[in-house]
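Features as listed in TrEMBL:
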TRANSMEM  16-37  transmembrane segment
TRANSMEM  57-75  transmembrane segment
TRANSMEM  82-101  transmembrane segment
TRANSMEM  107-125  transmembrane segment
TRANSMEM  137-159  transmembrane segment
TRANSMEM  179-199  transmembrane segment
TRANSMEM  211-229  transmembrane segment
TRANSMEM  235-257  transmembrane segment
Amino acid sequence: MTNDLGAPAPSRGRLLAARAVAVVAALFWGVLFFGLVDLATVVLQDERFARHYLLEAGWGLLYTGLVMLPLLVWAVRPRATVLLQGVLVTGAAVALAGLAAGAFGQLLPALGLAASALVPAALARQDLRPARVTARAVHPALAGLALVGVGGAVAYAVAVLRAAAAGEPDDETWGLQHLPMQAGLALALAGCALAVTVARAGGTTRWRAGVVPPALVAVSLGACSVLYPEHLASLGTVGGVACVAWGAALGACGVLVPDARVLGRDAPATPRR
């Protein structure tokens, strides 16, 4: 049996090592990198961070919802390659936002996120390159949501980065400012939606697993914005409702959109693990 790379399928030892690396990476981002802690700040209503509730929530949603969650799920279901692709895309989004903001320290966690996806993939002999797709195979609902997500993400990222450039009082974690990271969160949501769209069009198995993290994070970010419409980095009431609707629609696509037909049958163009 071979895998995406045309090499023999990974041995049990390699797969076990890949899973272990994914779990360790997930715990690092969720615990040591304060993903869960910052998320809990909003849940527990810590008044010391009241002005920055959206930024605390954003950091927590980024490193818990888009990184820790998919890594843990992949460790249990390693055939869901799209989850590692989402983590890789998230790393790219964090890097792009850091470069745009001149927050070059943000490149370090971006590299760490890339390694968190690439190392388990290499051990499991999985190929994280996007599948080759045709326009006919792309589902219009997923593509439409992804494009809307890109537009909204860019607009939000620009607004957040302008606030950072204007000197808005920011919070920091590990010496990194939250506003540039918040921009990375927005870009990551859109990027994950694009990754799922391409994965489904390419016939990747278990593409639906990739829908869950961005859908949950978008709904949560939108809900926080509705609850705190005047806070720094909030989408506001209307924007928050729109974000919730986008996340809910993406989640619905994961349930309702059928698998792509590749070469006349419901199967991946190349075997995915």
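Every residue, even glycine, has its Cβ placed from backbone N, Cα and C.
The stretches the transmembrane segment (179-199) and the transmembrane segment (57-75) are in mutual contact, each linked to the other by at least three Cβ pairs under 8 Å (pairs 6 or more apart in sequence). The stretches the transmembrane segment (57-75) and the transmembrane segment (211-229) are in mutual contact, each linked to the other by at least three Cβ pairs under 8 Å (pairs 6 or more apart in sequence). Counting Cβ pairs under 8 Å that are 6 or more residues apart, the transmembrane segment (82-101) and the transmembrane segment (107-125) reach 3 or more and are in contact. Only residues 6 or more beyond the boundaries of the transmembrane segment (235-257), in the same chain, are considered here, and those with a CB under 8 A from a CB of the stretch are 139, 141-142, 145, 148-149, 152, 156, 193, 196, 200, 208, 211-212, 214-227, 229.
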